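Participant: This is the structure I want to talk about, given as structure tokens.
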Amino acid sequence: MKFIDTAKFTIKAGNGGNGAVSFHTALFVPNGGPNGGDGGNGGSVIFEADGGKHSLLDLKLQKQLSAQDGFKGDIKNMHGAQGKDLIVRVPVGTLIIENKTGTILADMDEDKKQVLVAKGGKGGKGNARFANSRNKAPTIFEAGEIGQFYEVKAELKVLADVGFVGLPNAGKSTLLRAISNSKPEVADYAFTTLNPQLGVSRAKDGSTFVVADLPGLIEGASLGKGLGHQFLKHIERCRVICHVLDMSGNYGQEDVIKNYELIRSELVKYNYKLDERPEIIVANKMDTDEAQLNMMEEDIKKYFKDKKVVFVSGLLKDNVDELLLKIAKELETAKYVPLWEMEQDIYEGIKVYRLEEDEEDIQIINKGNGRWEVAGDTIYKIYQKFPITTDDNLLLFNEKLKKSGVYDMLRERGVGAGDIVKVFEYELEWMD
């Protein structure tokens with residue numbers, strides 16, 4: 001399957017079903033009480049990490065993913081059915097990001113982990129809920145709430161314990177073949193590896209871990225040069241970084257240490273937290289004549305005196321056992337570093353992402369010629385919840401607007417009798 005690590009699409013939770021307006025009717029009971037049932041809740045959009053998936057190709061082909069709407073209430077106090085949740089399965093290691101703000105909505109970092117990202121709308125109440133001693137036959141009902149809607153980007157960041165980084169042709173793929181069961185393509189040209197390659201390695205102490213051969217980096221990668229951002233993002237989840245150096249002299253006069261500093265700089269520019277990860281220096285291609293002639297081992301040890309250094313040959317598998325043991329030792333204490341801190345609620349065992357609602361003031365707009373427009377989140381919720389299709393709902397709609405303070409605001413702005421006040425799709429005549 002083609003490796004796709006980003007996909008953009010929209011998600012839409014189901015709307016809640018409308019409450020019903022109905023009355024009990026039976027022989028010899030012409031004026032029975034209200035018995036309109038509630039609407040069902042809309043289905044939610046839930047993301048689930050699936051260890052069997054390795055690409056976002058199927059999501060790349062989608063434009064919108066929608067959960068089912070809740071069903072409307074019915075007569076005889078029958079409640080509408082709940083809309084079915086939509087489960088969206090993604091590879092382990094996928095981030096779900098809100099497009100407009102860049103906010104991370106979910107970090108799918110564990111197999112079977114579920115996160116509710118778009119919550120379904122609550123079902124509206126039927127008229128049976130509004131009966132009281134003053135109004136025994138109400139025609140009041142609520143419309144179902146609108147389900148949440150987001151434009152999102154899914155971004156797969158490979159989940160591995162160890163990441164091999166270095167310049168193109170440093171021998172990372174050959175080294176991965178030497179220490180694992182992975183068979184990445186190997187050739188003598190730059191950017192042989194265009195996608196992360198994973199392998200499972202076992203050290204002599206019996207410990208096992210996942211190693212990622214990450215595509216070669218070049219100067220400017222942190223700014224996106226040479227597909228830098230596509231490569232660097234996969235390093236963020238690795239608990240240990242193995243920096244592979246080419247000791248063969250293939251870079252001519254370029255100094256091995258300067259090459260290291262170049263790549264290290266790109267890592268930190270991309271994400272400063274990468275500077276905190278444990279690092280092992282892997283001096284590779286020690287089997288070559290150039291490596292023997294250059295006699296750089298002492299210089300390398302001196303420069304990296306505060307780091308663990310291993311001299312290996314991926315081609316001949318020389319000293320790879322020592323490398324594996326050093327990696328295993330580092331992993332004993334290397335902690336997983338979360339990419340974000342998510343405040344979450346728990347909803348039926350599923351982690352739920354809660355967007356913080358913006359505090360938006362009510363907006364009064366004077367359109368001129370006796371026309372006004374009212375807007376804002378508070379007003380929209382009233383407009384959406386109470387359709388003015390019955391006399392009782394019209395009275396309740398006006399009462400809710402009054403309590404919101406919008407009437408006082410209109411008076412302060414100079415609204416007069418006979419003026420038209422537009423509340424979204426409704427046009428109301430001011431009667432003061």
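Heads up, residue numbers simply count up from 1 along the chain you see.
Here the Cβ of each residue, glycine as well, is placed from N, Cα and C on the backbone.
Straight from Swiss-Prot, here's the annotation block:
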{"type": "DOMAIN", "residues": "1-159", "note": "domain 'Obg'"}
{"type": "DOMAIN", "residues": "160-332", "note": "domain 'OBG-type G'"}
{"type": "BINDING", "residues": "166-173, 191-195, 213-216, 284-287, 313-315", "note": "GTP binding site"}
{"type": "BINDING", "residues": "SER173, THR193", "note": "Mg(2+) binding site"}
{"type": "DOMAIN", "residues": "354-432", "note": "domain 'OCT'"}
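Neighbours and distances for these, please.
Facilitator: Summarising model confidence by region, the domain 'Obg' (1-159) averages a pLDDT of 91.
In three-state terms derived from DSSP, LYS285 (GTP binding site) belongs to neither a helical nor a strand segment and is classed as coil.
All chains included, 25 other C-beta atoms sit within 10 angstroms of the C-beta of SER173 (Mg(2+) binding site).
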Participant: Around the C-beta of ASN169 (GTP binding site), how many further C-beta atoms are within 10 angstroms, looking at every protein chain?
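Facilitator: Total other Cβ atoms inside 10 Å, all chains included: 20.
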Participant: Which of LYS172, SER313 has the fewest nearby Cβ atoms, counting only those within 10 Å, among these binding-site residues?
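Facilitator: Result for the binding-site residues LYS172, SER313: minimum number of other Cβ atoms within 10 Å at SER313.
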Participant: How many whole Å apart are the CA atoms of PRO215 (GTP binding site) and SER173 (Mg(2+) binding site)?
Facilitator: 9
Participant: Quick one: what's DSSP say for LYS172 (GTP binding site), helix, strand or coil?
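Facilitator: Where LYS172 (GTP binding site) sits, the three-state DSSP reduction gives helix.
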